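See below for the structure under consideration.
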Amino acid sequence: MQDAITAVINASDVQGKYLDGSAMDKLKGYFQSGQLRVRAATAISANAPTIVKEAVAKSLLYSDVTRPGGNMYTTRRYAACIRDMDYFLRYATYAMLAGDPSILDERVLNGLKETYNSLGVPIGTLVSAIQAMKEVTAGLVGSDAGKEMGVYFDYICSGLS
Ligand SMILES: CCC1=C(C)/C(=C/C2=NC(=C\c3[nH]c(/C=C4\NC(=O)[C@H](C)[C@H]4CC)c(C)c3CCC(=O)O)/C(CCC(=O)O)=C2C)NC1=O
């Protein structure tokens, strides 16, 4: 896994150079947003079950996916779906704290699309559930932190599409 600091340092190291102005600006931006990131992560971890529940209510409940024949039908599959939503929220929060999406590639997206396809998990429906979670999260943490979380929710969605 990489973070905003190692990303900048690795890029300079590859060229055998000290950090230049634009690398320093990237670091400055990251450090200045530190408080915002930590505050958002604190709020999200204290409210994770509520965020997931609201996102599911907004996007999945009472849709075809929860009816007989739907991929969320049966308690086991419903629970697997809620668990997946919580994974996405938790890993997006880690990536937001790190300021870098590499943890999503390594621990979430790797092989996931193939798994979903083989289990018949409808990816379009899943993507709208993640988008609903993005909105619910922004409502909780405010628009600046919400935008930052949005980067990583969108990253997950494009990794699945
Ligand atoms: C930390 C990284 C990580 C992720 C992301 C992950 C996802 C993941 N979700 C799975 C299943 C599943 N995922 C869903 C999810 C859904 N179905 C829907 O219709 C909805 C749209 C959606 C919820 C939003 C369902 C229903 C299953 C069970 C499918 C089945 O067994 O038939 C499976 C198959 C194995 C299992 O059932 O546990 C994996 C590996 N596992 C991991 O370790």
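Glycine residues also receive a Cβ, built from the backbone N, Cα and C atoms like all the rest.
The N4-methylasparagine annotation in TrEMBL covers N71. Neighbour list (N71 (N4-methylasparagine), Cβ cut-off 8 Å, at least 6 residues apart, same chain): V65, R77, C81, L119, G120, V121, P122, T125. In the three-state DSSP classification, N71 (N4-methylasparagine) falls within coil.
Annotated (2R,3E)-phycocyanobilin binding site per TrEMBL: N71, R76, C81, in sequence order.
Ranked by Cβ neighbours within 10 A across all protein chains shown, the binding-site residues R76, C81 are led by C81. The DSSP secondary structure for C81 ((2R,3E)-phycocyanobilin binding site) is helix. DSSP gives R76 ((2R,3E)-phycocyanobilin binding site) a helix state.
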